[in-house]
Amino acid sequence: MSDLLGYIVTGLGIGAGFALVASGLVAIYRVTRVVNFAQGAFAVLAAMLTASLLGSGVPHGVAELGGVALGAITGLLVGVVAIGRPGTSPGTSLIVTLGLGVLAYAIEILIWGDQPRSYPGVPGVAEVGGARLQAHYLLIVAVTGPVFAVMAWFFARTDLGKALSACASNRYAAQVVGIDVRRMGLLAFAIGGALGGLAGVLTTPVQQVTFDSDVALIVNGFAAAVLGGLTRPGVALAGGLLLGVAQTLVAGYGGGAYQVEVALVLMLTVMIVQAARTGPVAETAR
Amino acid sequence: MSRPVVEVTGLTVRYAGATALDGVDLAVGEGELVALIGANGAGKSTLVKALSGLLRPHAGTITVRGRLAQVPEGREMFGDLTVDDNLRLGGWRNPEGRRGRDTSPIYELLPELSDLRRRRAGSLSGGQQQMVAIGRALMARPDILVVDELSLGLAPLVVTTLVGHLRTLNTERGLAVLLIEQNARLALDMCERAYVLETGRIALHGAAKDLARDPQVTAAYLGGHVEAGGGLEAGGHVEVGGGQEAGGRLEAGGHASGGHVEAAT
């Protein structure tokens, strides 16, 4: 029983990382209709930079913020390349992000090498209802919750957030009222970059980061995001947490080798069911 | 005509070689109600997009003195957002910034919207959405409202209410309106001056009253021969605009060519 509880809390911690990546994908997709395959790279770059900063004596907190900031800047740059040119179709932009994700590998290896990196997070072991787990998982959950709350507030209550939602809801009408949809798209990429960066920064102490860690993140993040048709951040959060818990349970009671397969099976199931019900994902999103 | 708010000269727009607008001259004066009528594909929507700056003209000039706001064809709601958020976003470019996004003046101008403010715009009826679209455009504090297809798909009674609102805004606030309409009867009845757009060119323009009696216009856009002009005075009431159009179309069957019938739909 205490094993189970431990797995669940650990799973929530891992799932929070997926949820952050997923919400970044959703933030970008809603506004730009681009599936951003460079999303995992934001996490890796942010984690790598944080590791370097901590290694050179920058205190905790500042180093992590630096990582998130790099995620946001990288997001913006990817956005400029992917959607900066007027008239670029979402399909073309998708391929561009895929290419930039591969380019990120080269840059990461050039700067940080190909060895896994990590850094200490919250030290020690915590006890939750008799279950023992790494205390850092609690930090991940404790940060992710408020981040989602702030995001919900931002999109629902601020004019800037509403303008982003307006671009998601009706691009033409957004142009009619004078919203610069391209600039909003770039803002969405920056937000997505920050969320991806946060995911990398938060999870690296419990899961080492290598240049190709982005694959697991993007697969799981996409699986979580696609649950809500790539447009619903709340569903992406729930999906991410569910995936995290499911994978931890599979690893705990079965074998660790099957973790990514859980995400793939879930993603494929959802996509097949959705396709059978309402047509392609892009269609359900409208 | 008073000092123009919008002045278009020699406007030419081409899509991939095809000419959508060819040397269009058009002006709307301060506080003036002007109609632009024309058949499907005449270039009306292209003109609206060019006026709103959503489309770069190939040649010609568009001068807007003051602010122009658009009520787009098909209402174009932010369907997932509330009515209040729809209105608020209309003030996005309002020079007064945050204060300019206060939606309360709109509920005074269009009281029908007060009870709907928390509703999702996508869940409203067509008429309610059209009212939101007008309110959203008003949030930009425009000097001229470009209304693209006011009556399309709406019940005659709803159209009457909307026309009433536009007239009030015109007389009380001096708001100029450029009404782009397929329902020529409605447009000529509401406006002082009118332009007729045919295949990208201004074919006719003049006082709405004169155009309503013009045999060419009556045949092509009012669904009947000149006698229908007499009927227009009686039928000029806006509430019968929609029904009249349908009736007129049947009547026109004998007189107008196929192309003309199409124009009346």
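Cβ coordinates are placed from backbone N, Cα and C, and glycine is handled just like the others.
A TrEMBL annotation is a machine prediction, not a hand-curated record.
Over in TrEMBL, the protein carries these features:
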type	residues	note
TRANSMEM	A:6-29	transmembrane segment
TRANSMEM	A:41-59	transmembrane segment
TRANSMEM	A:65-83	transmembrane segment
TRANSMEM	A:95-113	transmembrane segment
TRANSMEM	A:133-156	transmembrane segment
TRANSMEM	A:184-202	transmembrane segment
TRANSMEM	A:222-245	transmembrane segment
TRANSMEM	A:257-276	transmembrane segment
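Remote same-chain partners of the transmembrane segment (A:65-83), defined as residues 6 or more beyond its termini with a Cβ less than 8 Å from a stretch Cβ, comprise 24, 28, 32, 34, 36, 38, 41-43, 45-47, 49-50, 53, 58, 93, 96-97, 100, 104, 182, 185-186, 188-198, 200-201.
Only residues 6 or more beyond the boundaries of the transmembrane segment (A:6-29), in the same chain, are considered here, and those with a CB under 8 A from a CB of the stretch are 35-36, 39-40, 42-43, 75, 79, 128, 131-134, 136-138, 140-141, 143-144, 147-148, 151, 164, 185, 188-189, 191-196, 198-200, 202-203, 206-207, 217-218, 220-225, 228, 230-233, 236-237, 239-249, 252, 285. Long-range Cβ contacts of the transmembrane segment (A:257-276) within its own chain (Cβ-Cβ under 8 Å, at least 6 residues beyond either end) map to 216, 219-220, 222-223, 226-227, 229, 243, 246-247, 250-251, 284. Nonlocal intrachain contacts for the transmembrane segment (A:184-202), taken as residues 6+ away from its ends with a CB within less than 8 angstroms of a stretch CB, comprise 16-18, 20-21, 23-25, 27-28, 30-32, 34, 36, 39-47, 50, 64, 67-76, 78-80, 82-84, 139-140, 143-144, 147, 160, 163-164, 167, 174, 209, 213, 217, 221. Outside the transmembrane segment (A:222-245), and at least 6 residues removed from its termini, the chain residues within Cβ reach (under 8 Å) are 7-8, 11-23, 25-27, 29-30, 35, 148, 151-152, 155, 168, 262-264, 266-267, 270-271, 274, 281, 284-285.
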